[in-house]
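K.L.:
Just passing along the structure, written as C-alpha cells.
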Amino acid sequence: MERFPRTLCNLNLCKRCTCFVQFRRSLHQFFTERPKTIAASSSHSPPLPLCFTTCFKLNLSFNTTLSLTGIVRRASHVHARYLWVHTHKNREQIGLKPLSQQLLQIKLPVLLKRLATDSTNSKNKPDGTVPVPLWARLLIVSCVGGAMYYMFRSAVNEKALDNEELRYKEFDKIQLGGDWKLTDHNGNQRSSTDFRGQWIIMYMGFTHCPDICPEEMEKLGQIVKSFDDNPKMPPLQPLFITLDPERDTPTVIKDYLREFPSPRILGFTGTEDEIREVAKKFRAYFGKGPKDEDNDYIVDHTIIIYLISPKGDFVNYYGRNRTANEVIQSVTKHIEKYNELVKLEKI
Amino acid sequence: MPFPKQEERVKCWASKDLLWQCLNDNNDDTSKCTKERQDYESSCIKQWVKYFDKRRGYLKYKEKMENAGPDPLPQSKPSS
C-alpha cells in the first residue's frame, strides 16, 4: 500500500497553510516518485495516502476552491469522489478509468500552477506561491511584525529598567550623596530628610561667582519651571548650597536667590566643616582662591547640578556643558523609570 | 563686601563684552581700548576684573590650541 510519510500528516502541525504546502509537496512526490507503482496497480484503485485525505478533510472545512483537477472543481468533490470510487472495487464496471490513471492524466506543471492559483484571484501566480489572499498575508505579517516589535520594545524597556535598578544599587554601594543638616536661607536648621518624597535638583556654588553660577542658577530655574508647567511630572525642589560659607550667610543667600526666576529655590549654608562634609558626600571639589586687597576672592569649584530621588538617593549629575533641555529630558526619563521601579517594588 | 547684584552683574558683563569685542577688533591692542577698559573696571568688582582677564587669556589660549595646536618645543641645545 502506498503511504506518505506519517510525519507529514501530523495534525497538530498541519495548520491550514503548512498542510497545503505539504500537501502540494506530497502530491508532487507521489506522482513523480511512484508513477510506475501506481500504474502497475491501476487495475484497482489504490487507497489514497493518508495525508492526502487528511489534508483534504482539513481543506474541506474551509471550502476553498482548489481548482485541483479538470474533472473536479472543489476539494470536497475530490474527496467525495475518492470515497465513492473507493467503495466501488471495480471502477471499470461503472465505466470509469482507475482513479490513479485519471489523476496521472493531469500534467504536473498545470496541476501545480492550479494549486498556486487562489480562488479569489484567478490570475496565475508564479509557482511556489502559497495561496493565501493578500489581506490575510498582510494581516499575518502585521501580526507577526507587531508581536515582534512589541517583544523588542518590552525587552529594551526591561533592559533599561534593569540598568536603572543597577544604577541605584551601584550608587548606593559607593555611597555617593547622602543626608546632611544645614541652615536654610531663612535661618532654620533643615535636614535633607525633610525633602523625602520630592525630587531634588541641587546646585553648589557661591554668591560672588562671576559668570558660571548665575548661568547655572538660571538653568536650574528653567528646569524647575519646565517641570512646574508639566502636569504629568512632579515638581522639582531646587536647592542651592553655598561653597563659600564665610561670606554667604543666610541673609546674603536670601538676597541672592531673589534674583533668580524660581521663587522656590532654597538656599543653604553652614559652618565650614558642615559644608566640607556635604561637598565630600557629593564628591564636589571647592577651593578658595587668594584674597585680593579688597579681601575678595573667587571660589573654584565643581560645576554640577545633582538629581536626587524622593528616597534621597543620588540619581544623576549634569555638568556645565549640558543644556537645560538635555537635563529636562534626562530627569524626565529618570522619574519615569523610578516610578516603574517603585511599582515593581524593586527599589 | 556684598555680592554683585543682578543689575551690577549685567552691567559688568556688558562692559566686559564691549572690552573683549574692542580687543578682538583691534588685535589685542590695549591702547585703543582704554575707554572700554575704564568702563569695565568701574562696572566690575576687582576680583571679577582679574577673573575675566584671566578667563580671556585662557579662552584665547584654548582657541589657539584648538586651531593651531601647541607651539613647537624649543630646540634643545645638544648636550655635549
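Just so it is clear, glycine is given a Cβ too, placed from its N, Cα and C backbone atoms.
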K.L.:
Return the residue out of A:His301, A:His334 that TrEMBL annotates for the same Cu cation site as A:Cys209, A:Cys213.
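P.N.:
Looking through A:His301, A:His334, the residue TrEMBL assigns to the Cu cation site is A:His301.
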K.L.:
Tell me the Cβ contacts of A:Cys209 (disulfide bond) under 8 Å, same chain only and six or more apart in sequence, or just say none.
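P.N.:
Once residues fewer than 6 apart are set aside, A:Cys209 (disulfide bond) is near A:Ile298, A:Val299.
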K.L.:
For Cu cation, what surrounds A:Cys209, A:Cys213, A:His301 with a Cβ no more than 8 Å from their Cβ centroid?
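P.N.:
Counting only non-site residues, the set is A:Met204, A:Gly205, A:Phe206, A:Ile212, A:Glu216, A:Leu243, A:Val299, A:Ile303.
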K.L.:
Between A:Cys213 (disulfide bond) and A:His301 (Cu cation binding site), find the distance joining the two CA atoms and give it rounded to the nearest Å.
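P.N.:
On Cα coordinates alone, these residues lie 10 Å apart.
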K.L.:
Including all protein chains shown, what's the count of other C-beta atoms within 10 A of the C-beta of A:His301 (Cu cation binding site)?
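P.N.:
Taking all protein chains shown, A:His301 (Cu cation binding site) has 21 Cβ neighbours within 10 Å.
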